[in-house]
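One structure is given below, encoded as structure tokens.
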């Protein structure tokens, strides 16, 4: 009979590689796994319990919140606010950091998360996801501060995402490779299904919102045309796929190979995606899986954030494809490069 490895056992097995580990790190990941189970249950019942559609409020980025957004955000916060393992949290749904309530103790880690990526998708029964990352506390006070979450991706201690689709999968890394777990609903457990995930060396797909093509810079246009092999009929083109949920599109690229891109343009040089909540955690994972993530100029993991909701362009997936995108941008997009660099290096809120 094959051995079933639960996510709890896998996390504990990894902890044993560190003799001085206290178990705190392990417990945080287990708390996130439990939050994922609760969100997955609610997502499955969404059409029956009145959690579909807009909530009528705006999030910190000025976007209309969906009911599931608010539910997922509250669940993740409540699963982690009282444990004494975290010093502070930050959510894509909130303008400011989320302090640990004063009547609860603080710990040595900071949690950042996008509670529900692609939150408009449940209305059409399509995939959604959660993204998260952990940082070690760097502030000197007893309680967490903004500095604890405004760290570059190089400081990430662990990152992961959950895909809520035909099945629910949790994928995470603590710097020792990337591992995927599928939720067995009959057991109520995440079971190891994708150990040691590596992005395939033969890319198959590119993923981007083609509807934005009219806004793209010349370099991005030329790069996507190159992916489609329009100028070279002898070269096999990549197939286009786009779900409208970053987690779902990234998950396909990780499993099947290729590149996801959400570029900036001259009107919005930094694009749409958030550095702390979306881009840096996925950049950490793709690097662990043998890939690469760039903002068009260099490694996402090297960017020092200035604000909680700082945005950056994202090119992520197969290393050779991402590096090719950088070459197209360097060759054709001098005006965009100047505008984006000025924005990226400024502490002013985007």
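In case you wondered, yes, glycine gets a Cβ from its N, Cα and C as well.
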From 92, 93, 95, the one annotated by TrEMBL with 114, 116 for Mg(2+) 1: 92
Listed in TrEMBL for the Mg(2+) 2 site shared with 114, 117, one of 8, 213, 231, 278: 278
According to TrEMBL, which candidate in 242, 292 joins 209, 260, 261, 262, 272 at the substrate site: 242
C-alpha spacing of residue 117 (Mg(2+) 2 binding site) relative to residue 272 (substrate binding site), in angstrom: 13
Around the Cβ of residue 262 (substrate binding site), the count of other Cβ atoms that are within 10 Å: 21
Residues satisfying Cβ distance under 8 Å from residue 117 (Mg(2+) 2 binding site), sequence separation of at least 6: 128, 129, 130, 131, 245, 246, 247, 278
Rounded inter-Cα distance in Å - residue 242 (substrate binding site), residue 116 (Mg(2+) 1 binding site): 17
Most crowded position, judged by CB atoms within 10 A, among 116, 261 as binding-site residues: 116
Candidates 209, 260, 261, 262 (binding-site residues) - the one closest to residue 92 (Mg(2+) 1 binding site) by CA: 262
